[in-house]
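See below for the structure under consideration.
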């Protein structure tokens, strides 16, 4: 058959169908309008080309259905239709009325089942593929951050490889080798600092302290603007490309990048759905985004979520766990999958895979030792100093300066004892680092392993402090992690020399693995600096082994117990130094915090506006104060708190054209409010008997900035962060008695 042809003389068109269907279908006229002419195909007709010639339009027969006996059948030659494939046809079921359906649907087997399946798929699509759903938001976030992390790591690896090639090819001249070693990172760091600072000052540093401030309820203008994203990416790439010379990482900046992407996607989703999100929704997504930032750096989703809960958010809703784990898992999986696609690995494995002995990784007496671990010009000068110190033929020879950040950690987690390996042999210093024997970089015949490790710790201590002052995108967690691994390695090597055969436990002697001490030291030191326990889980996810679970966890707990009692965490300290708004914790949740009540530290200097206040007095109060909102009381006499009035809206109402008043009539605040100035209700208030502990919990849990204090409904004062911080300070360090 060929394509259907017009029926001559009828002004109508039809299509040929297969026999045996027993259905009727609609005829369209020349203008495309549907006709109700009955058009029946005989179910038992042997003629494949049978077509019923419908009666002309407007005939009375249009209202009655034609029977098969009245049908005039046309053969293929008469109808002018030739053989060919069956065409789809819009039709109606015989004996029924309704919307037209396709002939292909009616012809196919089990039409009801097919329609049911199609309806089920449409319902599933409607439920799953709704614009703005969290599943897709978090999936896109995880995949995007994984792509960015992998691309950045790939680019950094190429640049570092080019630096090593340049250093190797310049020859044996010390001047050229020195210049090739120092000029490269100096140029990268100078560009990183200058480029990022010229675009936006928010791109410098880690980003986690500012994120903690945002999640506490403080608004930092433009900090999460997407325009900062490009500056942060370029600056961080240049920072990492400078290698281990600058000794900085990418965890903090990557958390900032992830949060910026999440904030941008949230705005896009709000525009797509046409709905404004509630205030808590963005913060829930920002915490999940922070977890994605950690997960796409270390490919560690579980510890990424826990680390962000401990470090970034003071209070975390259990309902948000699935968001964090889902997004972090998507990001970590995609990050490792890209490594497989790039032929870096044969399958998905841990980022820093170790080979610790599984049967007896440590003996019981070793637990004691595990617990014991417990601007551009300035940027260029600082980078020059650091690069000069790490120059390999010079001082850098004694601190394994040719190793990258990843190679540092890989070598320190080696399960062999370097001290025992070099006792009777002196390995040569290779021309280039040997990937299979990275520990050669730590050996020097005059310094020994202990000398190089100790020298590394001393030098990197002050070099890291100097590097943190450079205004460029950089992370500080990875250097801290490596520094702790070096401390643990030093202790492990000392024990392996003191007990060359191992420590006897239960009549069995097993050799000591210094790599286990390096792992515990890394987790403990980084946990102490950040005041987090999740670094233990991070160490296990990074290495793919949990054989040292007990000693590592005990080391982290001991380190946190000491660090938290002495000083704030690194990120809290940065917040204090930058003078960002900050609400400190009540250390140890002291019992005495329950005895201190709001009436002891609240501010009684509260400016209220009564409804019966004259307009002149309202103008005077607004002009003499700069409060963002004013408490509204029922009357000057009662002082019953009934709501709040925002300063901006009150000023706008005062500047509006006042209505005409009768002679002798005075306009008061009640009249101004009645003309359209909105009053916001006070849904949460403090009592003078509320304890400091309860007030602190409310401020942290609800991200509040201030609360009014009422006694029997009367406004008697207010509490803000200033009063809370002073009360906590007096509780921690009581003033001297007068």
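Each residue, glycine too, has its Cβ placed from N, Cα and C.
Unlike curated entries, TrEMBL annotations are predicted automatically.
Look at TrEMBL and you will find 135-157, 178-196, 246-265, 286-309, 321-341, 367-391, 447-467, 474-492, 517-539, 546-563 tagged as transmembrane segment.
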If contact means at least 3 Cβ pairs within less than 8 Å, sequence distance 6 or more, would you call the transmembrane segment (286-309) and the transmembrane segment (178-196) in contact?
no
Would you say the transmembrane segment (246-265) and the transmembrane segment (447-467) are touching, if the rule is that at least three C-beta pairs must lie under 8 angstroms and be 6 or more residues apart?
yes
Relative to the transmembrane segment (135-157), the stretch among 178-196, 246-265, 517-539 with the most Cβ pairs under 8 Å is 246-265
Sort out the residues at least 6 away from either end of the transmembrane segment (246-265), same chain, that have Cβ-Cβ distances under 8 Å to it, and list them.
137, 140-141, 144-145, 148-149, 152, 185, 189, 205-208, 210-211, 224-226, 228-229, 232-233, 236, 239-240, 282, 285-286, 288-290, 292-294, 296-298, 308, 312, 383, 386, 405, 460, 463-464, 467-468, 470, 473-479, 481
